[in-house]
Amino acid sequence: MAVQQFPLQDFELESGAVLPDATLAYATYGELDAGRQNAIVFPTWFAGTHESNEWLIGPGRPLDTDRYFVIVPNTFGNGLSSSPSNAAPPFDGTRFPAITVRDNVEAQYRLVSECFDIQELALVLGCSMAAMQTYQWAVDHPEMVRRALPYCGAPRTPAHGQLFVDSLRAALTGSVPRGSALVPQHAALETFARVFAAWGFSQAFHRQEEYRSLGFDSVEATTSDFWIANFAGLDRDNALCQLDTWFTCDVSRGDRFEGNLSAALGSVKAQLVSLACDTDLYFPPEDEAAATAHIPDGLAMTIHSVWGHQAGGGTDPVGAQVIGEQVRRLLDSPA
């Protein structure tokens, strides 16, 4: 699907900084109905693009384009929406301003309301960093979001998750401050990918040699041909931008809730189902269950898979089936 650009002009960020000539890249699938009641927002995850989400979209698929109008906004910093790699000076590269999850959601809100004149969303959903955006949508626009399905994510990055993000930052920078002399990008990205490889799949995935289902014959082949190959084309500054977004995620930040996560989640009016994989090393199911307990119409469910965090990516047959079933069930339920 061809990507389109929504001009945000001089976009004020949550920090108070202004990003001039900001743009939000997006793709749409299906047709908006006459009543503008069938829209779904499906943001992208870390380093993903709209194409990463297409496994769930199409005629007869869980996000059935014969019934729904699906909007996939590209998260800031992914190289398609405003990013360090495409921003004009003086905001290019390491000078690109910090972006929060709320910044992404507010840009998406403007796209939905200004470009399409949509006042109600049938569903917001997303995986990992897009799950964070899903929670933020439900908190910031409770009257608009009827249903929400965050999977393999969280409304706040936990301390353990921040340690992981810090390790990824260190891999990219060689532990030197941003703006200082860095190790060559290709070497940094390989180290970055190797750190990711230890977290992306579970211990059981490797112990059971499940990587063979992907066509790899060893852990090292999986690391080289899946993880390192996947991240080889990543721009380092884009990755650092999105890691900052991940690290600072907290749907309760700001004047409205002042860090009170239970109050923020308690304000959600959507029918919300959270899905967590029981072997996810980033976002364990007990964290999601604790968060969802604060949501009045919230339900926490578990994906039982050895694929860990990657259960949400569409490649794991078990994860894909559970996610698809819950999308269909949620969309068919009254809200």
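Every residue, even glycine, has its Cβ placed from backbone N, Cα and C.
Per TrEMBL, active site, nucleophile is recorded for S128. Under the heading active site, TrEMBL lists D280, H309. According to TrEMBL, the domain 'AB hydrolase-1' annotation covers 51-148.
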Which value does the mean pLDDT take for the domain 'AB hydrolase-1' (51-148) in this predicted structure?
99
Just counting, how many other CB atoms are there within 10 A of the CB of S128 (active site, nucleophile)?
25
Could you break down the residues of the domain 'AB hydrolase-1' (51-148) into DSSP helix, strand and coil, giving a count for each?
36 helix, 16 strand, 46 coil
What does the structure give for the C-alpha distance between D280 (active site) and H309 (active site)? Integer Å is fine.
5
State the three-class DSSP label for D280 (active site), counting H, G and I as helix, E and B as strand, and everything else as coil.
coil
In three-state DSSP terms, the structure that H309 (active site) belongs to:
helix
If you count other CB atoms within 10 A of each CB, which of D280, H309 wins among these active-site residues?
D280
At the Cα level, what's the spacing in Å between H309 (active site) and the residue listed as 'active site, nucleophile', rounded?
8
